[in-house]
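Peer 1: Per Swiss-Prot, coiled coil is recorded for 556-617. Per Swiss-Prot, compositional bias 'Basic residues' is recorded for 325-336. Annotated domain 'LRRCT' per Swiss-Prot: 132-179, in sequence order. According to Swiss-Prot, the domain 'IQ' annotation covers 215-244. Positions annotated as region 'Disordered' by Swiss-Prot: 324-343. According to Swiss-Prot, the repeat 'LRR 1' annotation covers 51-72. Sequence annotations record features per position, and here Swiss-Prot assigns repeat 'LRR 2' to 73-94. Among the features that Swiss-Prot reports, repeat 'LRR 3' is placed at 98-119.
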């Protein structure tokens, strides 16, 4: 394994060229790199890792991090425990737009001016610079916090509002370096972590920082309160209006609803009309379905036409591809239950629109309808279908074969001797008379249609007036019930307050009794404790005296034993001295005897030698023999 940078000879070798190309292609897809404690000196090989998101180069010998400029997608960068002394310029850090966590602790940074380039990181949340020389300088934290705006946590503490807002004194909980703001921004590295684990760890750290700020930042707490107030204020009309829409039901014809509103109230009505799609119906009137309505919507009869410009009901008479058309609005789930409730109402709020074929109208009727539209009558219903633009031809009556045969025979026999002018005049007269009768009949039909139309409009108006009257009546009843309910609520609340007061009075009385009992118990406990203290002191004194007596007796016994031992030692010494003297005398006697014996032996030897010299050394022969004398002489 190669430590540090790979040499140029190895990378530029011909046999390694294809291998290097493959490595470069693979490095483009790297998202996670971890080289911790490998004694690396450079990171030039990371220039091609354009997809890198998590980079861990801790505990190495790096001095330059410029090769990371191409890694634009970095989220976490761990460079702690290296030998970095200077950081790249602001352009380098502005390119890392996704960088959220940066670990630079335990490096050689010494100048605050060099660290201020980190202000180019637009999304940096966590930064560590402890155990660096620059962290010992005065104002180090103030400079970093106010130069890197998105920063939320520095070293071991989350940034407080007191560090950002000048001259703002906060309670102990929100102060700088308070225990509530402490957070371990750099957890210990775990061996064998994957990219997913690192991403989870990053998310956990960021969420934990945000949670600490949300609970310990006065600015964020006030902002949360204001946002909640604004949202509640914005939604309060909806919740207030929603309370009145409870239970009154009417039946309407199951058709498509077309509502063109001119104000916000029209949108509100559209939201509260629920229509259920009907099954396949061809040429028949659809079933009746239920629908919620509010009495407030029919409050004013004159303004009803202004709020809703068009409520047209189109019967479903076409069946396309065997499927019915779906309405825009969703189905209300409780419609069947509402139908059963609406049938039991005291007031009948139903009305029906009869389905009939459209009669034939002349051009006069069309003009009359146009005139009515120009006059803009209030009772002219907009949901009726318009008159047909073209006049339909009357049906032609065909003669039978027998009549045609008779006519041909008559013309063949009587044509030559008979003139037909009179018959032509008669036929013309009858045809004109028939035409006049047809026109009169059509005019009568048109008049009857107009009369029925007016009657229908009058009936509709009466129905609407009845509905408005009934809705007003229902509103009055609802108001009465609401007032009664409010009065009942106030009564219950007053009764509840009285009960609470009684409970409070009872509680205070019990509290006083408990306080008296507690004071009595405390006094008894104090007296008992004093008595116990006296008893314990007396017992302690007795015990102390008994211990003293026992110690005195022990001392006397030990002194007597020691004296007895000393006497024994003296006697033993005397006996030993006597024995030693006896032994010494015996030894002296033995030594003297031995010395005397040896002296005697020496004397005997000397005498023998003298005698020998006298006897043998007188003559010369003896002198010659003296040379061969034994050694023991």
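Every residue gets a Cβ built from N, Cα and C, even glycine.
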Peer 1: Where else in the chain does the repeat 'LRR 2' (73-94) make close Cβ contacts, counting only residues six or more beyond its ends and a cut-off under 8 Å?
Peer 2: 50-66, 100-110, 114-115, 117-122, 128, 186, 198-199, 202
Peer 1: Work out, from DSSP, the number of helix, strand and coil residues along the repeat 'LRR 1' (51-72).
Peer 2: 5 helix, 3 strand, 14 coil
Peer 1: Across the repeat 'LRR 3' (98-119), what are the DSSP residue counts per state (helix, strand, coil)?
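Peer 2: Looking at the repeat 'LRR 3' (98-119) with DSSP, the answer is 8 helix, 3 strand, 11 coil.
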Peer 1: Using DSSP, how many residues of the repeat 'LRR 2' (73-94) fall into helix, strand and coil, respectively?
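Peer 2: Going by DSSP assignments, the repeat 'LRR 2' (73-94) contains 5 helix, 3 strand, 14 coil.
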